[in-house]
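K.L.:
Summarising the annotation, TrEMBL assigns domain 'Acyltransferase 3' to 14-368. Among the features that TrEMBL reports, transmembrane segment is placed at 21-39, 59-78, 90-110, 159-178, 185-202, 222-238, 245-264, 284-304, 316-334, 349-371.
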Amino acid sequence: MEQKQISTVKTHVVWLDVVRLIAMFTVVCCHCTDPFNFYPGDSPIIGDIKFWGAAYGAFLRPCVPLFVMITGALLLPVREETSIFYKKRILRVFWPFLIWSVIYNLFPWFTGLLGLRPELILDFFPYSGEEVTRQSLSVSLGYIAQIPFNFSLLDVHMWYIYLLIGLYLYLPIFSAWVEKVSDKAKLWFLAGWGVTLFIPYYREFVSPYIWGGCSWNEFSMLYYFAGFNGYLLLGHYLRNHDWSLGKIVGIGIPMFVVGYAITFFGFRYTTALPAYTEEQLELFFYYCSPNVVMMTIPIFLLAKKVNVKSDTIKRMLANLTICGFGIYMVHYFFTGPSVLLARALNIPLGLQIPAASVVAFAVSWLIVLGIRKICGKKAKYIVG
């Protein structure tokens, strides 16, 4: 028993804090593109608005894969008893997720109580659409009742928490295999996963079904290799296998450029169609796609090369590790207003998304720090 406890002690890995900073900031940036990609009404510069939304949106797609790779790099293989792991990991995210989901879904009702115009809701959540402008308590309670099943249009970013809880449930099971197999077997798994990355494009351009998939079977031949578990294993594998800087520059950077080009031009192609479904809109932005993987790997490997020497920066990065989950919970309130602020300040259009992201990120971080300061140990129930 003592030997197992000793094995759970982990050295703090600073470069993974760097990856977390990149992932955290880029996810805030990603949500700051919503007022561009879902711009309401007409504008003389609508073409430029859509261009910058697509340009930044494509560039930022590695944000969520990086989060999952961090999870795989840190937690695979799992060194704790399954029950202890579940209690520690799932409860840490469950209560903040529940509390903030309720707050987001009550927001329209709060605006009604304050006598604010319904359109204000769209200023905060431009992705949500006209449906969420109803300022009725019954509507908000209806959204809240759906929390056990899915997120609403008001808290779209919570989709990742459902995914994260699923990954936590899966990790001890996956870990038993990861711990025992060779690197060669891991590469074979990643190769199978790599094939599945093309399935969304096959479904769109060739046929809705592949490899035994049909109306009565959605679990096709490589189903068990598909999804975000590939990013878990990729994070674990790349933590333990390095590339030289020359290899990253010679292979990784061109790989990123190609991945970005596919993502950007694919999204522009889709949005130029006379009509498109939500699935078509997300096709080239799909996280589990070859183009996004091509962008994600070089960023992860470059972050490994960052050598942080400043103790102050190390402390800031460590604090982000503590506050990061809370920032994710809070930030979605501030992305829309931050873009409005950038527009009001007449910041050049091409710089509005990063400028708004800095504001939203900083405000969210300060709020989380304040909650942790005021609530002490109980803050874990609010911000993780």
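A Cβ is built for glycine as well, from the same backbone N, Cα and C atoms used for every other residue.
Nobody curates TrEMBL annotations by hand; they come from automatic prediction.
On a predicted model such as this, the values are computed, not experimentally measured, just so you know.
I'm curious about the neighbourhood of these features; can you describe it?
P.N.:
Beyond the transmembrane segment (21-39), the same-chain residues lying 6 or more positions past its ends with a Cβ under 8 Å from any Cβ of the stretch are 46, 49-50, 52-54, 56-57, 60-64, 66-67, 70, 126-127, 157, 271, 299, 303, 317, 320, 324, 327-328, 331-332, 335-336, 338-340, 353-354, 356-357, 360-361, 364.
Away from its own ends, the transmembrane segment (90-110) comes close to residues 118, 121, 124, 132-137, 139-140, 143-144, 147, 151-152, 154-155, 158, 161, 164-165, 168-169, 325-326, 329-330, 332-333, 380-384 of its chain (Cβ-Cβ under 8 Å, at least six residues beyond either end).
Beyond its flanks by at least six residues, the transmembrane segment (222-238) meets 65, 68-73, 76-77, 163, 167, 170-171, 174, 178, 183, 186-187, 189-190, 192-197, 199, 211, 287-288, 293, 296-297, 300-301, 304 of its own chain at Cβ-Cβ distances under 8 Å.
Outside the transmembrane segment (245-264), and at least 6 residues removed from its termini, the chain residues within Cβ reach (under 8 Å) are 54-55, 58-59, 61, 284-285, 290-295, 297-299, 301-302, 305.
Listed by sequence, the residues of this chain that lie at least six past the ends of the transmembrane segment (349-371) yet keep a Cβ under 8 A from its Cβ atoms are 24-25, 28-29, 31-33, 36, 45, 48-49, 52-53, 56, 319-320, 323, 326-327, 330-331, 334-335, 338-339, 341-343, 379, 382-383.
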K.L.:
Counting CB pairs under 8 Å, which listed stretch among 59-78, 159-178, 284-304, 316-334 touches the transmembrane segment (185-202) the most?
P.N.:
284-304
K.L.:
Residue list, the transmembrane segment (159-178) vs rest of chain: Cβ under 8 Å, 6 or more residues beyond ends.
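P.N.:
Same-chain residues near the transmembrane segment (159-178) but 6 or more away: 64, 67-68, 71, 75-78, 82, 85-86, 89-90, 93-94, 97, 150-151, 186, 228-229, 232-233, 236, 328.
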